[in-house]
Each structure stands twice: as structure tokens, then as C-alpha cells.
Amino acid sequence: MTTPQWVKDLKPAAPQGSELLEQERSKSKINVDTLSAFLHSREGLARKRRVLKILENDKVFNKEQNYFAGRIDRFETALARAKKLRQLVIRHGWDNDDRMVANELISEPGPYGLHESMFLITLRDQGSPEQHERFLKQAEKYKYIGCYAQTELGHGSNVRGLETTATWNTEDQTFTIDSPTLTASKWWIGSLGRTANHAVVMAQLIINGKSHGPHPFVVQIRDMSTHEPLKDIHIGDIGPKFGYNTMDNGFLLFNKVKVPHISMLARHSRVDPKTNKYVKPSSPSLVFGTLTWVRSTIVMQAGGVLARGVTIATRYCAFQDRDAPSDAGGENQVLNYTTVQIRLLPLLATTFALHFTGKAMMALYGASQKKMSQDVGKVGGPERGAGPEETHSGSDLLADLHATSCGLKSLASYTAVEGLEVCRRACGGHGYSSFSGIGSWYADYLPTATWEGDNYMLTQQVARYLLKSARSVLKGNEPSNDTTAILANFLARQDQGAAFDVLGNDADIVAAYAWRSAFLTFEALKHRDEQKKAWNDLLVDFYRLSRAHSQYMVVKNFYETLQSPPSDLDPETLGVLHKLFRLYALHTLESEASEFYTSSAVTVRQIQLARTSAVMKLLQDIRPHAVRLVDSWDFPDWQLDSSLGRYDGKVYEDMFHRASELNPLNRITVDPYPDSPTLFKKNEAGALKPKL
Ligand SMILES: Cc1cc2nc3c(=O)[nH]c(=O)nc-3n(C[C@H](O)[C@H](O)[C@H](O)COP(=O)(O)OP(=O)(O)OC[C@H]3O[C@@H](n4cnc5c(N)ncnc54)[C@H](O)[C@@H]3O)c2cc1C
């Protein structure tokens with residue numbers, strides 16, 4: 001089917017989307033350029049422009065068929081893109097940041113995804129110098145293409161329960177990797193299904209019949225020239241998923257496969273081949289470094305992930321509601337409905353809140369790495385024999401980092417996931433079209449709520465840390481960080497009660513969040529230590545506690561960021577950012593009203609006023625700036641790949657173009673009659689298949 005010229009000549013009925021967005025932008029004086037630079041830095045913006053120019057001019061990265069292609073075509077294209085990207089990295093001398101920006105712009109998981117992340121990171125962090133020489137060098141050259149195989153068909157979060165074994169053979173100094181049951185099959189492993197030739201396999205280390213828990217082993221799984229699985233190894237793709245279908249998540253089974261001694265990654269623990277004894281990690285805390293880093297980056301990215309959905313929905317909702325009732329003059333912009341504002345504008349505020357928190361999270365990570373490397377240099381190194389939850393004053397920063405990254409990973413990815421669906425629905429029926437650009441983005445992001453620590457399970461780590469901090473404060477120990485300081489402050493002031501002016505004073509808003517977190521901590525401690533409640537009976541309280549404490553951190557980070565803004569940020573833009581701070585904080589406060597009230601952080605009257613007056617007024621004040629605020633996130637159209645979120649507002653033209661001209665189904669003529677065995681009379685769909 002070709003689109004006739006008379007159809008191509010048709011225009012949307014007035015007003016045009018481009019005019020509406022132009023009007024929107026003229027209503028606000030937000031300085032988009034300065035605000036973008038505040039969010040991303042000038043260097044970051046320039047990098048994006050430079051990389052984008054190269055990608056959008058390369059036919060392999062043409063996105064036109066992304067929403068139409070089936071699983072195999074999508075995987076094939078993703079593989080072509082992954083290979084091309086690697087070639088571009090070499091040709092243009094791109095550094096890691098350039099490559100990550102390219103991935104963000106391409107915006108789909110690719111078959112090298114796990115090679116470039118967990119495989120390389122694990123080799124680097126857990127390999128000895130000899131193993132770096134042997135494995136890492138090959139991996140960095142993409143000769144070894146790897147994956148990270150931890151999860152099994154029957155075991156995920158409970159890593160101790162993994163069934164895959166690595167048994168030490170004293171006679172020939174090898175390990176035998178084995179999958180003794182079907183549930184021991186590795187499952188979900190990214191890049192494994194069709195792409196990887198090596199895997200880091202987490203397996204129970206067994207020496208002389210004794211298990212020493214899961215350890216990482218580098219195992220070759222496919223032949224280096226034929227790429228077929230090696231003998232006694234069964235590998236495959238696990239099949240279609242809710243999203244992430246450009247990635248070959250795989251399964252992997254071993255039938256007693258022997259690997260050499262060097263296969264066990266030995267930076268932290270190893271088997272001594274002379275004594276056949278297990279050598280424990282000298283510093284177990286270092287083993288947790290990789291996970292903390294991955295969680296911290298999830299926190300860093302969450303604001304931007306959500307901002308894509310908010311950008312699309314905000315631009316589209318600036319459109320006229322053509323079905324508006326006559327008492328609204330027959331037309332109204334969708335974004336003027338307060339029921340749309342209450343869904344989108346607090347999310348817009350949340351994008352900034354999460355972004356500033358992500359920056360603070362990375363700063364905390366950097367500081368702790370620096371401190372750790374200083375401590376490692378000292379005699380004795382960091383505290384021995386303690387995991388992150390058990391560490392004491394010497395490793396306070398590490399314990400704080402661990403809890404912060406767990407709590408914020410859980411809150412930030414939960415908020416982004418939930419928020420994207422809100423954005424999709426705010427777009428009405430068109431939000432359900434793939435062309436909205438929200439659905440596939442949402443589906444690909446969803447597993448973030450589960451991997452690197454399931455969002456519910458992680459909250460137990462936060463609660464454990466807070467309980468431990470509370471015990472320390474009760475013993476009269478001096479506060480050593482912000483967490484113990486807010487707990488100590490609560491203890492000192494609880495008899496006087498709180499009197500926070502949350503409606504009039506921003507610092508008091510932060511104090512009210514701190515108060516609620518401290519109150520819930522001591523409540524949980526009472527249940528645990530005095531009433532001796534079972535751990536499982538407290539999990540719901542722990543979840544709430546972690547959420548409350550993480551929301552406190554988000555509010556605090558947002559507040560503190562605005563206390564020292566960059567000098568070139570004009571007063572008008574800064575003023576709107578302050579309003580966004582209040583909107584995020586007060587909207588969250590009234591959504592979690594029961595906890596703020598029961599902790600006496602605020603009164604019922606204050607909650608009523610927050611909802612009926614303060615939040616509604618903030619919506620009104622922020623509304624004119626909404627489009628410019630999302631513009632400052634600086635998503636190129638090429639990245640958004642959305643009809644609804646186009647910068648120029650040509651929504652209907654773009655929807656029609658994609659449906660009528662890019663849609664391969666329209667190149668098929670069917671035989672509709674039930675008595676005819678013919679299904680397709682004509683099939684020219686293949687003509688639209690991209691040339692790779
Ligand atoms: C798209 C995708 C890609 C992935 N890629 C990889 C990869 O490359 N490599 C890899 O090794 N893995 C990978 N995974 C697996 C992922 O890491 C696991 O799914 C995750 O660790 C959760 O484990 P699980 O699926 O067994 O769920 P479970 O841990 O079984 O959790 C199921 C439910 O039980 C609850 N629960 C479990 N234990 C507890 C507890 N102790 N207390 C309270 N509640 C509990 C959880 O909250 C959850 O609701 C991937 C997963 C997905 C979806």
C-alpha cells in the first residue's frame with residue numbers, strides 16, 4: 001500500500017501541535033540552555049551532540065522498523081548495531097563515556113550488554129593479575145565475549161542456595177563444573193543465549209566434600225571458531241519476554257565439565273594448589289564493591305529514565321483536547337486539567353529530585369572508594385571478616401554506602417517504573433501505541449526493579465543498618481554520620497514534640513522527613529528488640545522504613561543542591577526549581593500522610609492544607625513552565641523515537657507516517673474468505689526490512 005498524494009497533502013485541523021508547543025515555550029522564561037547544562041554539564045551535552053551526529057547518519061542505527069520487527073529480526077538488528085558500535089568506538093577513539101552515551105541514544109539492550117558490564121567488571125574486580133593477563137585482555141579486545149551467570153532456574157535472590165557446583169580435584173588440580181539438577185540450570189543470563197563464548201559462572205565451591213559457598217569461575221562455553229557449544233554444555237536462549245527482546249537472555253547446563261585452576265577468579269579468595277586448602281577473602285567488604293557500584297548507577301539513571309516518559313507525556317498533553325466539553329469553550333489543553341496536572345507535574349518534580357539524588361549517590365560512592373583505598377594501604381586494611389551489614393565504626397562509610405545504595409536503588413527504580421506507566425496512561429489511547437515511545441522503554445526498564453537486588457528484599461538491608469545505628473545511638477555513642485545524627489536529634493527532642501513549619505519553610509520540610517524516618521526506626525527497633533518480633537513479621541515495617549528513609553535522602557539532596565546552585569542559573573529558573581522541590585516534598589508528604597501524622601512530624605491540619613492548598617497552588621505555578629522544564633532534559637527526537645513526544649509537536653503527521661508508510665502489515669493483501677485456503681494474496685512486507 002502506498003499513501004496517496006491527497007492523503008499526504010492533508011493537514012491536522014487547527015491548532016497545529018507546533019503552534020501549541022511554541023506558545024507553551026513562549027509562556028515561560030526558564031533558561032533551557034543553562035538548566036540543561038546544570039543537569040548534564042556542557043561537556044556532557046557536547047558529547048551527546050557529537051555521538052548523535054555519527055549514529056543518526058548510519059543506516060544500521062535507523063530506528064524506523066524498531067516498533068514493527070519481530071523477535072528474530074530485532075535480535076539480528078541489535079547484533080548488527082552492537083558490532084557497528086564496537087567498530088565506531090575503535091574508529092573514533094571513543095572513551096567509555098562516549099560509548100555509554102551512544103547506548104543511551106540507541107536505547108535498546110544489545111547482545112554485548114552483559115559483556116560490557118558485568119563480565120568485564122567482574123574480571124577486573126575479582127581477577128588476579130595473572131587472570132587479567134589471561135582473560136581480561138582477551139575480553140577487552142572482544143575475543144572473549146562474556147556474560148555473568150549467577151541466577152538459576154530455581155534460585156535468584158538466595159545466592160547461597162545456588163545448585164551449580166565447582167568441585168576441586170586434587171589429583172589433577174582442576175575444578176569440575178556441574179549442574180546436578182534441572183533447577184541448577186543457569187537462567188536469565190544476558191548475552192548468553194546466542195552471543196557469548198565465555199561465562200563467569202557462580203558455583204558452589206566444594207573441596208574435600210565441604211562447600212565453601214558460591215564463587216566465580218571463568219568458563220569457556222562455545223568453540224572459538226565454530227561458536228557451537230562445547231562438549232557436555234547445553235546452552236540456549238530462554239525465549240520471548242515482557243521486554244528486553246533485543247537481548248539473548250540464556251540458559252546453561254554443565255555435565256561435569258573440567259576447567260583449570262586459573263578459572264576460579266582469585267583476587268579475593270582461592271584454592272591453594274599446594275595445600276588443596278581454601279584461602280578466605282582477606283577483605284570481604286571489597287567483594288561487595290561491584291554490586292554497590294551497579295546499584296549506584298541505577299540510582300543515577302532513574303531520573304533520566306523517568307524524564308523520558310514525562311517529556312513525552314508533557315509535550316503531548318500540551319495539545320488541545322478536541323473532545324473538551326462546551327463549558328470549557330469546546331477546547332482545552334489536556335495539561336490544564338488538574339487531574340492531569342496532579343499526575344504529571346509531581347512526576348516532573350520527581351525527575352529532578354531523583355537526578356540530584358543520583359549525583360549525591362555517585363559522590364558518596366566516590367568518597368567511599370577513596371577512603372577504602374586509603375584504608376587498604378594501612379596496616380591491617382579495612383575491618384576483617386565483616387559483611388557490609390556487620391561493619392562498625394572503622395567501616396562506617398562503607399556500611400552507610402551499602403544501605404544508601406540499597407534503599408535508593410529500591411525507591412528510585414520503583415518510582416521510575418511506576419511513573420512511566422502513569423505517563424503512558426496520561427497520553428490516553430495513543431499512549432498504548434508503540435509510537436508513543438513509552439511502552440517499549442517501560443518494558444525494557446522493568447527488570448531493574450528485580451535485578452541487582454529485588455526492590456523489596458533490598459529494604460531489609462536498609463532496615464538492618466538503621467536498627468544497628470539506632471542501637472548505637474541508644475548506647476550514647478556520638479553520632480558519626482547523618483543517619484545517627486537524625487536519630488540522636490529525634491531522641492533528644494521527642495518529648496518536646498515536633499513543630500515543623502512544612503508549609504512555610506523548606507528546611508523544616510527536610511526536618512519533618514528526618515523525624516518520620518527516625519520515628520519509624522525506633523518503632524521497628526522496639527518491635528524487634530523489646531517485643532522480640534520475628535524478622536519475617538517485620539518485613540512490611542522494614543519496607544516502609546526503608547522507603548521513608550530513602551525519601552528523606554531524596555528530599556535532603558534536592559534541598560541541598562538548591563542551596564548552592566551554579567552561578568549562571570538565573571533567579572526565575574532557580575525559583576521554579578524551588579517550587580519543584582516543594583511540589584515533590586509536599587506531594588510525597590500528603591501521599592504518605594499517615595506516617596507523617598502518626599510520627600507527629602506534622603498535624604492533620606498541615607496535611608489538609610498541603611493537599612487542598614499548597615500542592616494545588618504549586619501545580620498552578622509550575623504549569624506554565626512544564627514544556628520548557630522537560631525541554632531542559634534535552635532528549636533528541638532520535639533518542640525518544642516517539643510520535644507523541646516530538647519536539648516540534650508534529651504528532652499527528654508522525655503517527656500517520658509511521659502507520660501508513662512504515663508499517664509492513666500494510667504491505668500485505670489478505671484473502672479474507674473462510675472457504676479460501678490462501679491467507680496472503682500478496683506479501684511485500686519484506687521490502688521494508690532494514691538492510692544491515
Ligand atoms: C531481563 C532480566 C535479565 C537478567 N539478567 C541476568 C544476568 O545477566 N545474570 C544473572 O545472573 N541474572 C540475571 N537476571 C536474574 C535476576 O538477577 C533475578 O531475577 C533476581 O536476582 C531475582 O531472583 P528471582 O528471579 O529468583 O526471584 P526471587 O528471589 O525468587 O524473588 C521472588 C519473590 O520473592 C521475594 N523474596 C525472595 N526472597 C525473599 C526474602 N528472603 N525475603 C523476602 N522476600 C523474598 C521477592 O521480593 C520476590 O517478590 C535477569 C533477570 C531479568 C528479568
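For all residues, glycine too, the Cβ spot is worked out from N, Cα and C.
All TrEMBL annotations are machine predictions without curation.
Marked as active site, proton acceptor by TrEMBL: E452. The annotation FAD binding site is assigned in TrEMBL to T151, G190. The domain 'Acyl-coenzyme A oxidase N-terminal' annotation in TrEMBL covers 31-145. Look at TrEMBL and you will find 147-257 tagged as domain 'Acyl-CoA oxidase/dehydrogenase middle'. Per TrEMBL, the feature domain 'Acyl-CoA oxidase C-alpha1' maps to 288-467. Marked as domain 'Acyl-CoA oxidase C-terminal' by TrEMBL: 507-671.
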Spatial neighbours, same chain, of G190 (FAD binding site) - Cβ under 8 Å, 6+ residues apart: P109, G113, L114, M118, C147, Y148, M247, D248, N249, G250
Helix, strand and coil totals (DSSP H, G, I; E, B; other) for the domain 'Acyl-coenzyme A oxidase N-terminal' (31-145): 86 helix, 0 strand, 29 coil
Nonlocal neighbours by CB distance (under 8 Å) for the residue listed as 'active site, proton acceptor', same chain, sequence gap 6 or more: L291, V294, R295, I298, K409
Residues that sit under 8 angstroms from T151 (FAD binding site) by C-beta distance, when 6+ apart in the chain: K186, W187, W188, I189
DSSP-assigned states of the domain 'Acyl-CoA oxidase/dehydrogenase middle' (147-257) in counts, ordered helix, strand, coil: 6 helix, 52 strand, 53 coil
DSSP three-state assignment (helix, strand or coil) for the residue listed as 'active site, proton acceptor': coil
